[in-house]
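Participant: What follows is a single structure, and I will ask about it in a moment.
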Amino acid sequence: MRLFVALTPPAVAVEELVAATGGVRAEHPELRWTPPEQWHLTLAFLGEVGDREREDLVPRLGRAATRHPPLTLSFASAGRFGDRVLWTRVRGDVDPLRRLAASVQAAARRARLAVETRPYRPHLTLARTREATDLRPVVEALEGFSGQGWEAAELHLVRSHLGAGPGGGARHEPIEGWPLTGRPQGSPETSAGWPR
Ligand code: 2AM
């Protein structure tokens, strides 16, 4: 099955982003806007994963979740990958987010899955283009957007059903979830905090 690992923003952050992007969505029906109920932050795209690899991967992801703390993130403004992908920026605990993504990718590699070696770029994809499109005006229109902070407290393994979603896109089905229960980096080993 086709899988990816992601963080899912809460309804309040999704609603805020829906409101912030309403104008540009209406003005640019030529773009393929991702459905808000499927918005997510991809940490690792795994592609087709066999049953045996998935069984190996699942406990590894569970262990990774115990080593990372919940993150406070927010969305702001927009950016693009060339003339193909429009996204909103992720701000806040971006360094811990990068460490979490690296850990998830390492878990996938240890489960013998091929993961992308491109550097991780924190983003949430808002739209894709049908053909090469100048996305600069849309990016500019979203420049002033600055969302509230929200907590990412759970890691999700998500199945993507190609062609089964709204408008012929993919349908996303979370199949496993783990709370992020690690300590923030630099926090003491014990809660007592006595000098040694
Ligand atoms: P993105 O939108 O955050 O870039 C499920 O397909 C998710 O995996 C997509 O939303 C996409 O996340 C991400 N992804 C990353 N690399 C991909 C690839 N090569 N093919 C399809 N999806 C990919």
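A Cβ is built for glycine as well, from the same backbone N, Cα and C atoms used for every other residue.
Pulled these from TrEMBL:
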ACT_SITE  His40  active site, proton donor
MOTIF     40-43  motif 'HXTX 1'
ACT_SITE  His123  active site, proton acceptor
MOTIF     123-126  motif 'HXTX 2'
REGION    164-196  region 'Disordered'
Participant: Below 8 angstroms Cβ to Cβ, which residues of this chain, lying six or more residues outside the motif 'HXTX 2' (123-126), approach it?
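Facilitator: Distant contacts of the motif 'HXTX 2' (123-126): 9, 17, 21, 33-34, 39-42, 75, 78-79, 85-90.
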Participant: When you measure from the Cβ of His40 (active site, proton donor), which residues in the chain that are at least 6 apart have a Cβ under 8 Å away?
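Facilitator: Residues satisfying the criterion: Ala6, Leu7, Thr8, Pro9, Leu124, His156, Val158, His172.
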Participant: Under DSSP, is the residue listed as 'active site, proton acceptor' helix, strand or coil?
Facilitator: strand
Participant: For the motif 'HXTX 1' (40-43), DSSP counts of helix, strand and coil?
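Facilitator: Going through the motif 'HXTX 1' (40-43) residue by residue, I get 0 helix, 3 strand, 1 coil.
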Participant: With every protein chain in view, how many other Cβ atoms are within 10 Å of the Cβ of His123 (active site, proton acceptor)?
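Facilitator: Counting Cβ neighbours of His123 (active site, proton acceptor) within 10 Å gives 19.
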